[in-house]
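Taken from TrEMBL, the feature disulfide bond covers CYS23-CYS66, CYS110-CYS137, CYS205-CYS248. For 21-81, 82-139, 140-202, 203-262, the entry in TrEMBL reads domain 'Sushi'. The signal peptide annotation in TrEMBL covers 1-19.
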Amino acid sequence: MIPPVLILFSSFLCHVAIAGRTCPKPDDLPFARVVPLKTSYAPGEEIVYSCQPGYVSRGGIRRFTCPLTGLWPINTLRCTPRVCPFAGILENGTVRYTTFEYPNTISFSCNTGFYLKGANSAQCTKEGEWSQELPVCAPTTCPPPPIPKFAKLSVYQPLSGNNSLYRGKAVFECLPQHAMFGNDTVTCTEHGNWTELPECKEVKCPFPSRPDNGFVNYPAKQVLYYKDKATYGCHDTYALDGPEEAECGKFGKWSAQPSCKASCKLSVKRATVIYEGERVNIQDKFKNGMLHGQKISFFCKNKEKKCSYTEDAQCVDGIIQIPKCFKEHSSFAFWKTEASDVKPC
Ligand SMILES: *[C@@H]1O[C@H](CO)[C@@H](O)[C@H](O)[C@H]1NC(C)=O
Ligand SMILES: *[C@@H]1O[C@H](CO)[C@@H](O)[C@H](O)[C@H]1NC(C)=O
Ligand SMILES: *[C@@H]1O[C@H](CO)[C@@H](O)[C@H](O)[C@H]1NC(C)=O
Ligand SMILES: *[C@@H]1O[C@H](CO)[C@@H](O)[C@H](O)[C@H]1NC(C)=O
């Protein structure tokens, strides 16, 4: 039997221990937890520190017993996040990450011309594994392009089966009598579709009109279409103002409507003039007159300075203005010097 005094005494000791030497709430350790967690512990009570899910410590768990001193021993537990396997390389793409540790997320993207086959992000789980299988970047392809109405493919070289790779091209051509609106070339885009298709439309042109004092030739057909050609000419002494050939354009109009312009009769009988950079005798070079559009330079005298200069004249639809400064000498006035023989000013 225990003497009652001893019981009293030991309950007193116990009281002292409980009242004066309890352990406080244990220190917080990053990413660790304490079981049981309380605000105070009696001497002899045990606590267990362990790492939170997703974190590990090299030494495993730590057990501590509240000592009679009421001071927890120094705790060296270090919980560090689990690290998922290296995932830093995605062929033809990019992995964005800070670290591969729990609970971080990494994200994936592919270079232009490739698409993500799989998830676009993954998280490092508590178990130290990626939440998603790592994706791959697969090359973007376009199915064969649709062929617009009234068109045919003129260039198409699929590279991957029947499909085209990103940036692949196809070129269309319109059927005869049809004009293209839009770009003849389509390109396989990064979205796996083609850039905008062109349109082919039938285009008719009216019969070209005959120029006055001239003629026009064109194909002997019921209807004239896109790219048909008309050729023009003029009766003699008339000159064509415009190109000899016109084409039926994509908007149903002829590329040109040339006309015939009259040639000029020259009132000057004798003179040396400049034509296309050369001195010529007007009476030889232009005995049949000047054609519309032709241009010559006349020589004139500067009496004070006793020198010569030139002035231009052009035949415009039958009319030429002879420069006022030009003086034609009669062939009998042989003692007079022609302006063209005087030194230039
Ligand atoms: C895609 O990746 C492969 C393998 O690394 C490489 O040979 C190829 O050049 C890459 N393609 C592009 C367009 O970057
Ligand atoms: C390509 O297309 C042809 C005709 O449509 C088809 O017979 C062939 O199987 C296709 N080839 C591939 C690799 O898909
Ligand atoms: C047609 O498209 C190609 C590329 O797709 C481009 O290089 C070209 O300049 C375009 N042509 C016209 C006339 O817009
Ligand atoms: C191609 O696809 C993209 C994305 O879906 C879309 O924005 C674009 O308008 C498409 N282009 C054509 C020419 O259809």
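Yeah, the Cβs are placed from backbone N, Cα and C, and that goes for glycine too.
Since this is a predicted model, take the numbers as computed values, not measurements.
This view paints the features noted in TrEMBL onto the structure.
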{"residue": "CYS23", "record": "disulfide bond", "DSSP (3 states)": "strand"}
{"residue": "CYS66", "record": "disulfide bond", "DSSP (3 states)": "coil"}
{"residue": "CYS110", "record": "disulfide bond", "DSSP (3 states)": "strand"}
{"residue": "CYS137", "record": "disulfide bond", "DSSP (3 states)": "strand"}
{"residue": "CYS205", "record": "disulfide bond", "DSSP (3 states)": "strand"}
{"residue": "CYS248", "record": "disulfide bond", "DSSP (3 states)": "strand"}
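Note on the domain 'Sushi' (82-139): its mean pLDDT in the predicted model is 95. Under 8 Å, Cβ to Cβ, and six or more positions away along its own chain, CYS23 (disulfide bond) finds SER40, TYR41, ALA42, PRO43, GLU45, CYS66, PRO67, GLY70, LEU71, TRP72. Counting every protein chain shown, 22 other Cβ atoms lie within 10 Å of the Cβ of CYS205 (disulfide bond). Cα of CYS205 (disulfide bond) to Cα of CYS137 (disulfide bond): a span of 53 Å.
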